[in-house]
């Protein structure tokens, strides 16, 4: 699984995931499924904001070609991936500027068009189950929830999907591709099943020549969302950088 992640995700996303896991004492050699899940969630958050801007008239527009003369503002502020201190600083700044209610938990994005925070979810289970778990945790009607699955399903607060159909289809296609590539490598079953994950881990450790008695317990603790964001993500050219970074999984 680790090799798959390094092949299928942009190195910058992989690096952010590595730093986050290290910060919380998680070993990516052991928690390989969590490593893959964090990278996937990060990429979906970046893809969610990609191409979306607000023009001088305050209208939401989609721009795929950069025009240096255009006075555009990014529609979405990416909060996911920053360190906690910076993330809360950004959230507080947004709340002070827009009058938005401060969320209890750090959200993933802020939508300047709809003036609301957004929590993004990517699940290997039924979307409605994961949606309810998110809603019960957040306990706030002010934070918009949008859940994607690897099967192409999605669920959002009040069926308001925020993005246009084409943008959402791009995210769904990427998730479906990840699933298909995992399946072709025999990794999908272990990704969705803790029991199968343990079997795969033992197999991987054995193939790496590690002691058969090495600890194989997979943590059930949910990783905090990534809070480490490189300065480049703040740059005005981040959209072009991200667009170029979405790599297709190479075949075996």
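Cβ atoms here come from the backbone N, Cα and C positions, even for glycine.
Marked as site 'Important for efficient shutoff activity' by Swiss-Prot on the basis of similarity to another entry: 28, 65, 202, 203, 206. The feature active site is assigned by Swiss-Prot to 80, 108. Look at Swiss-Prot and you will find 195, 198, 199 tagged as site 'Important for efficient shutoff activity and nuclear localization'.
Shown here: features listed in Swiss-Prot, placed on the structure.
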residue : record                                          : CB count, 10 Å
28      : site 'Important for efficient shutoff activity' : 19
80      : active site                                     : 24
108     : active site                                     : 26
**Item:** Rounded distance in angstrom between the Cα atoms of residue 108 (active site) and residue 80 (active site)
**Value:** 4
**Asked** Reduced to three states, what secondary structure does DSSP give residue 80 (active site)?
**Response** coil
**Complete:** Rounded Cα distance, in Å, between residue 28 (site 'Important for efficient shutoff activity') and residue 80 (active site) is 20
